[in-house]
C-alpha cells in the first residue's frame, strides 16, 4: 500500500506539472504581452481588448457548465469502460456547443445594437470566435484519465507561436483587430489539435447524443456550474460593470493589475485541479485520507500566498511602475487588496471544490455560492459611485461571504465530523 500511495502521489505531481504548463500558456503568455500592449495600444486600447475578453469569459463559463469538474469526475470513474467514456465525451461536447450558441446569439446582437461597443465592434466580434476553441478543448477528458502530457504539448506550441506573433506584428492602435485575431487563433488551433489527438488516443467514435442524455448531463453538472458561474461574477463582474459605465482606460488600469494576481492564482490552481480526481476517488473509499490530503496541500498553499501578500505589500506601487508605467503607481493598493482576495479564494477552493464537491456535497457548495453571488450582485451597484474601489469592495465582500457561508453550512450539517 505504501508503494501504491507513493505512485498515486507521483501521478498527482506529474499531472500538476503538465497542467501547470497549460496554465502558464493560457494565462502567463497573454500576461507577458500586457506591458507591450499598454505601450503600443495605450491603456485605453488595452482596456478594449481586456473588456472583450471578459465578455467572452462569461460565455465560456456558461458553455463549460462546470464540466472541468463534473465531466472530469465522470471520466475518472468510468475510465475502465471505453463505451461510457465515448458517450460522455460526445455528450459533453454537444452540450457545450449548444450552450455556446445560445449565448453567442444575444451577445452578437448586443455588439451591433449597444453604444458601449461603438468604435471597436470588429474587435468584439472577432473575440467571440474564441469560444469555439474552448468548446472543443477537452481538458476535462485528459484530466479524467490523469494524462496531461500530450495536451500540454499541443497547448504550448500553438499558443506560444501566436503570442510571439503579437510582438512581431502589432505596431500601433491600428493593429488592435490583429491582437484579437491572435488571441482567437491560439485558442482555435490548440483546441482543434487536442480534440483530434483525443479522438485517436482514446479510440473515440462518433455517436449522437440524445436529448435525455443532454438533460441528465445538465442536471448532473448544475451543482458545479452554478458555483462556477458565480465564481465568474466574483472574479470579473466588476470589470464588466466598469466596461459598461466607465472608460476603457479605467478597465485597462484595473485589468492590468488584476491579471497579475490571477496569473499567480492560475499557477497554484494547477495543483488543486490535478488533485481533484484523486481526492474524489479517495472520498469513495477513505474519507479520512481525503480530508488529510486536502489539509496537507491546503496549508502549504495558503502559507505561500500569505508570504507573497506580505512581500507585495512593501513594493506594490514601485513594482507596477516598473512593469507598466508610472501612471500605475497610484494603484498599488489595488494590487495589495487583490492579493488578499487571492488568499481567501484559495481557502474557498479547498473548502468548496476539494472538500464539498469532492465528497459529493455539491448542493451545500451551491447554496453557499448562491448566497455569495447574490451578495456580490447587489454590491456591484457601488461601482457606479466608487469605480475601481467599488470593484475591490464587491470582490472582497463576495469572496468573504462565500467562505463564511460554507463554514456555517458545514457546521450546520455536521460535515466537520469527517
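All positions are counted from 1 along the displayed chain.
Cβ coordinates are placed from backbone N, Cα and C, and glycine is handled just like the others.
The feature transmembrane segment is assigned by TrEMBL to 12-38 (among others).
The feature transmembrane segment is assigned by TrEMBL to 44-67 (among others).
If you look up TrEMBL, you'll see 88-117 (among others) marked as transmembrane segment.
Taken from TrEMBL, the feature transmembrane segment applies to 153-174 (among others).
Annotation comment: TrEMBL describes 180-199 (among others) as transmembrane segment.
What TrEMBL lists as transmembrane segment is 224-254 (among others). Here the transmembrane segment (224-254) has long-range neighbours at 38, 42-48, 50-51, 54-55, 57-58, 61-62, 64-70, 116, 262, 327-328, 331, 334, 352-353, 357, 362, 365-366, 369-370, 372-373, 376-377, 380, 383-384, 387-388, 390-392, 394-395, 398-399, 402, meaning same-chain residues at least 6 beyond its ends whose C-beta is under 8 angstroms from one of its own.
According to TrEMBL, the transmembrane segment annotation covers 301-320 (among others).
According to TrEMBL, the transmembrane segment annotation covers 332-356 (among others).
Here TrEMBL flags 368-386 (among others) as transmembrane segment.
Listed by sequence, the residues of this chain that lie at least six past the ends of the transmembrane segment (392-410) yet keep a Cβ under 8 A from its Cβ atoms are 233-235, 237-238, 334, 337-338, 340-341, 344-345, 347-348, 351-352, 355-356, 364-365, 367-369, 371-373, 375-376, 379-380, 382-383, 386, 416. Residues or ranges marked as transmembrane segment in TrEMBL: 392-410 (among others).
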For the transmembrane segment (368-386), what are the same-chain contacts with Cβ under 8 Å, counting residues 6+ beyond its ends?
226-227, 229-231, 233-234, 237-238, 241-242, 245, 352, 393-395, 397-399, 401-402, 405-406, 409
Does the transmembrane segment (180-199) come near the transmembrane segment (153-174), with 3+ Cβ pairs under 8 Å (pairs 6 or more apart)?
yes
Among the ranges 12-38, 44-67, 153-174, 301-320, the one whose Cβ pairs under 8 Å to the transmembrane segment (332-356) are most numerous:
301-320
Of the stretches 12-38, 44-67, 301-320, which racks up the most C-beta pairs under 8 Å with the transmembrane segment (153-174)?
12-38
When you look at the transmembrane segment (301-320) alongside the transmembrane segment (44-67), do they share 3+ Cβ pairs under 8 Å, ignoring any pair fewer than 6 residues apart in sequence?
no
